[in-house]
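Below is one structure, written out as structure tokens; comments come after it.
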Amino acid sequence: MKRKLLRGLAYAVDTVFPTRILAALCSLGFGIDLALQITNSGGILAEGSPLAQFTIAMMAWLWITIAWAIYGLARAADWIQDRGGSIAARLFRVAVGCTLAMIVAISIGSWGLNAQIGRFATLDTLLFLVANPLLSTWDHMGSGERRSIVLASLAAPAVIWALCWLLRNTPPLSRDRSPRDLRASWILAGIVLMGIWIPIAGDLSAQRSASRIESVRSRLHPLVTLASSSYDLLAHEPIQAKIDPESLIALEASWTVPPNTARPSVIFVAIESLRSDVVGLRHQGKLVAPNLTRLAAEGLTWNRAYAQSTHSDYADVCIVSSLYPLRTQRHHYYRSDDPWPKTLAFDLFKQAGYATAIMSSQNESWGGMDQFLNVPSLDLFFDSARSNLTTYTSARDPGFALERAVGAFHAGSLYDNQTMDRTLQWIDQQLASQTPYFISMNLQSSHFPYELPPGTEEPFQPARMDRDVTFMYHPPEKTPLVRNAYYNAIHNCDKELGRLVQHLREQGVLDDTILVVLGENGEAFHENGSVGHAREPVEPALHVATVIHAPNLIAPATDDYPLEHIDVLPTVMGLLDWPAHPNLQGSDLLSDQRTPLSQRLIFHHVNSGAALGDAVQWAGQWKLVIDRQRHSVQLFDLENDPQESTDVASEHPVIAAVLHDVLTRWYDQQLAYYRFPAYYQNFYPPQPPTLSEQQLQKLKAAG
């Protein structure tokens, strides 16, 4: 029996590998790779089937390919010796040995990086090391990277010798072995591999598929990551490591809450698609949002408040992180093992002794937001997926409905009254224990298709939503009907906001609470060339309502100074007399040191299936937009053309050139920071670029 097994094993080896020595060597390599993946608790194998199956199959196919590559190089060396002599063959073997040894060294170093940050080195990482002398980056490396570099350096001579020996001593195939049969076995292994890959790449869940593909690209094997990142350099604009480390703040920088400062409770209420013009808006003789309008009259209203993006997965998390959403050239789905530093509002408030909670009507799994938000400092994470309540999914929200239908999500959305019920209950628990609290809320009734609980008041009519009204488009003549449905949904969100305000008032804590109400993004109704949201960075989809109600801290006022989402958290921290945290990219806009309006810049990034682009606004008037799908650049004068109907770049070339330079700098430094470990392993994210004195003079001269 044992002899039969051994003969069967020998036959299998002879069928797949060119020689038994190469079979033993590559099997050892496969075993080491597999052992490293198995011992990596957060590795790709931990994600389960089908990724685990594909990983094992891919590594096996990769090592079989390596065996045949070495065999082919050995035959090439023989051919060179026959025609060029032994010296030429020896030089060829040494050159190949050095090249392969370098690949082995890179793989060892890449495994060290993987141990540090959970992903392998890209080609960009290697180019960064080449461009920056080792001694200048050694101090910024983690212990795993240092050990792997030392190991690779020590192993290099032995690897070169071993590879040269293999190239010299690997014999040709014996006469009884057909190269055609061997090639067929290699191709068959590749077909099996593709059979496992197709369900991953072709998954109907775009989010699940993208997440798995990214795992394969960055966490399967060093050579796979090098190959995929090399393709990226050809398919995308190269990312340059141009950030001056002197301009960054080291991760070792400390931050503490000042003692004996006041501890008012803080509530952020983000309302889906809350346009700026809803505040104070009367429609059909009735206020659309009476409670929000009342809060605005009693608080600070920002007339020029902007979301960072037009789609929720990029816009939402900016509010509690004060970080720009631009991280990668591809659409980024958040993962719990993302290696970049983040300090969320929950972390800061927990350090100050607050109870912390998320109260959301949406499924925060969308875009992987829950992976970003669910930090140890969060006491309660309440959303539709974690509520244990009955949820609803609208077939007219096709993206989400498909994700749920294919099993990517196991919950739809909650009605906002369910979320508010849980919120008020939790607030009472904190008040009973005399614990200050921070809540991040999200109300979703106003998300297309604006569906409301049965029996809900719908004062604005007619509000019929016909079949030809979709998330991405509706006939222009039906805009009044769609607007009415939207206003009804906003009215319902406002009713729940009113419940919150009334409850705080009844408990006697309203004036002691910092209540921030803002739109997570806007909504367009055939305005500025757009419909809905999650599309181009146009004003109706970005310009949102924002009100800070804190009677004990802020007198009623309006402010025309431009605010972006990343400023909300630092501004509230300023109200609490807390210092700025170095991991926040926003600014305290109530500080005496805020940037003058003439120098104020705000940035936007959009990366959805419908749009890819960036925008910068200067001084609340000029807006430059780069559309990366259409490869166009446009400049708009928002003060005189709020509809963004006329590109004035040719009329104001200096303004267009300066803003293009600033936006490019912002784009490049964001991508560089999140691409290169030497930055994000040692420093906090870069602060947004500012206008140089020379640029300011040019802009002033241009008028």
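Note that Cβ sites are derived from N, Cα and C of the backbone, with glycine treated the same way.
What you see is a predicted model, and the numbers here were worked out from it, not measured in a lab.
The annotation transmembrane segment is assigned in TrEMBL to 21-39, 51-71, 91-111, 148-168, 184-202. Summarising the annotation, TrEMBL assigns domain 'Sulfatase N-terminal' to 264-577. Taken from TrEMBL, the feature 3-oxoalanine (Ser) applies to S312.
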Same-chain residue ranges lying at least 6 outside the transmembrane segment (184-202) that approach it to Cβ under 8 Å: 15-16, 50-51, 53-54, 57-58, 60-61, 64-65, 68, 209, 212-213, 216
Non-local residues, at least 6 beyond the ends, that sit with Cβ under 8 Å of the transmembrane segment (21-39): 13, 45, 55-56, 59-60, 63-64, 66-67, 70-71, 111, 166, 169-170, 221
Contacting positions for the transmembrane segment (51-71) when only residues 6+ beyond its ends and CB under 8 Å are counted: 16-19, 22-23, 25-27, 29-30, 33-34, 37, 44-45, 100, 163, 166-167, 170, 186, 189-190, 192-193, 196-197, 200, 212, 215-216, 220-221, 223-224
Mean per-residue pLDDT computed across the domain 'Sulfatase N-terminal' (264-577): 96
Collapsed DSSP category at S312 (3-oxoalanine (Ser)): helix
